[in-house]
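Chemist: Below you'll find the structure I mean.
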Amino acid sequence: MSEDKKDLNTARICVMVLLPTITLAFGVLPTWLAQIFKWDKKTIDGLKGKRAQSYFSLLLCFAGGVLMATVFMHLLPELENDCKEQVEIGNLPDLGEAVPWAMLFLSCGFFFVYFVEELAHSFVTWQKKGKSFKPAQPTPSIVEIEMNSGKTKYTVEDPNKTELQDGSLRIQVGCCAVQEHIILDEDEHSVMSNVRNVLTILALSCHCFFEGFAVGMEDTTAGIWYLFSAISSHKYVLSFCIGVEMLACNTKTILIYIYTGIFGLSSTFGIAGGWIIVETGSEGAEKHAAAVVLQGMAMGTILYVTFFEILQNEKSKRQNSYLQLASIIIGFVCMSLLMSLVPDDD
């Protein structure tokens, strides 16, 4: 094995270890801090306050700019060259400029992740409909109602819902009342919360898995560390935000470790998958063509994460839009400069 090959494999192994380890550390950091400094609920809620959220938003916008530069300035030119090579050796048909293969593979990855995420959202909606009852015409005003047990008066935000002694809900719609037997205990709420947490982690892990594919199929040491810095810029921030959300929802500590661990290891599995495909691709040109297709789909995943999971979500928040734009531009410029400074292993 040549020295360059050894350095390339060493870089892949280092990234496979560093990504999940640091991601896990950032994910459980809020829990560690809460235990060390004995934070109360007010302090924990402060992490979800307006000022803290504005800082997180700027960091994620910076990460969005970094990922944009990674796709358009680094990955896409490489993919276009790879596709041209595949056309020259006959693995891809030469359709001229009518079909830019690089853009086609990127778009396929984009639409694939879009479809997977829509399936996840549909499943969550189906779960919610199976566990809850929504009145057709809810009344938003606040009124006083009486409990059946003791006739104690109290104020609730939804006048259409009255809790009965058996734990079910009495739904008031207009002048008609329907008793819907939905048991509202803490165990059920905890189960549904855990289901939502698992689905969220799986959705994010799917993205990170394909991001890892891009790292595993990178053929230069400098390119691997470049992608590592790009993925880290947003993954660590997301991991910390996930940790804050789960801490605020009183998620059990062991579950926080499990969820964050899954989120961290997803990139590692993706890197391993891409690495295996590249190594086996050396045996034949057809397998190498498959690697090019998967690399393009991985790029589409990164593009989806950039525009839908990061930039769209942050833009919809009530934050300073000009500061967000500045953070995106700074991230893009910084990553572009880094790419120009890092020497090519070729």
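Cβ atoms are placed via backbone N, Cα and C, with glycine included.
Relevant sequence annotations retrieved from TrEMBL are reproduced here:
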type     : residues : note
TRANSMEM : 15-34    : transmembrane segment
TRANSMEM : 55-76    : transmembrane segment
TRANSMEM : 98-116   : transmembrane segment
TRANSMEM : 198-217  : transmembrane segment
TRANSMEM : 223-244  : transmembrane segment
TRANSMEM : 256-277  : transmembrane segment
TRANSMEM : 289-310  : transmembrane segment
TRANSMEM : 322-342  : transmembrane segment
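Map the listed features onto the structure and describe their local environment.
Modeler: Counting only same-chain residues 6+ beyond the ends of the transmembrane segment (15-34), those with a CB under 8 A from a CB of the stretch are 43-44, 47, 212, 215, 224-225, 228, 231-232, 235-237, 239-240, 242-244, 247, 253, 256-257, 259-261, 263-265, 267-268, 271-272.
Remote same-chain residues near the transmembrane segment (55-76) are listed as 102, 106, 214, 223, 226-227, 229-230, 233-234, 237-238, 240-241, 295, 299, 302-303, 305-307, 310-311, 313-314, 317, 319, 323-325, 327-336, 339 (criterion: CB distance under 8 Å, separation of at least six residues from the stretch ends).
Within the chain, the transmembrane segment (98-116) has long-range Cβ neighbours (under 8 A, six or more residues past its boundaries) at 76, 79-80, 82-83, 86-87, 92, 203, 206-207, 210, 292-293, 295-301, 303-305, 308.
Long-range contacts of the transmembrane segment (223-244) within the same chain, counting only residues at least 6 positions beyond its ends with a Cβ under 8 Å from a Cβ of the stretch, are 8, 11-12, 15, 18-19, 22-24, 26-31, 44, 47-48, 56, 59-60, 62-64, 66-67, 69-70, 74, 78, 200-201, 204, 208, 211-212, 214-215, 256, 259-260, 263-264, 267, 305, 310, 331, 335, 338-339, 342, 345.
With a threshold of 8 Å between CB atoms, the same-chain residues lying at least 6 positions outside the transmembrane segment (289-310) that come near it are 60-61, 63-64, 67-68, 70-71, 75-76, 79, 82-83, 86, 91-92, 101-102, 104-114, 204, 207, 210-211, 213-214, 217, 234, 270, 274, 277-278, 281.
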Chemist: By Cβ distance under 8 Å, which residues at least 6 away from the ends of the transmembrane segment (198-217) in the same chain are close to it?
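Modeler: Tertiary neighbours of the transmembrane segment (198-217) are 12, 15, 19, 75, 109, 113, 116-117, 120, 123-124, 224, 227-228, 231, 235, 238, 242, 259, 262-263, 266-278, 291, 294-295, 297-299, 301-302, 304-305, 309.
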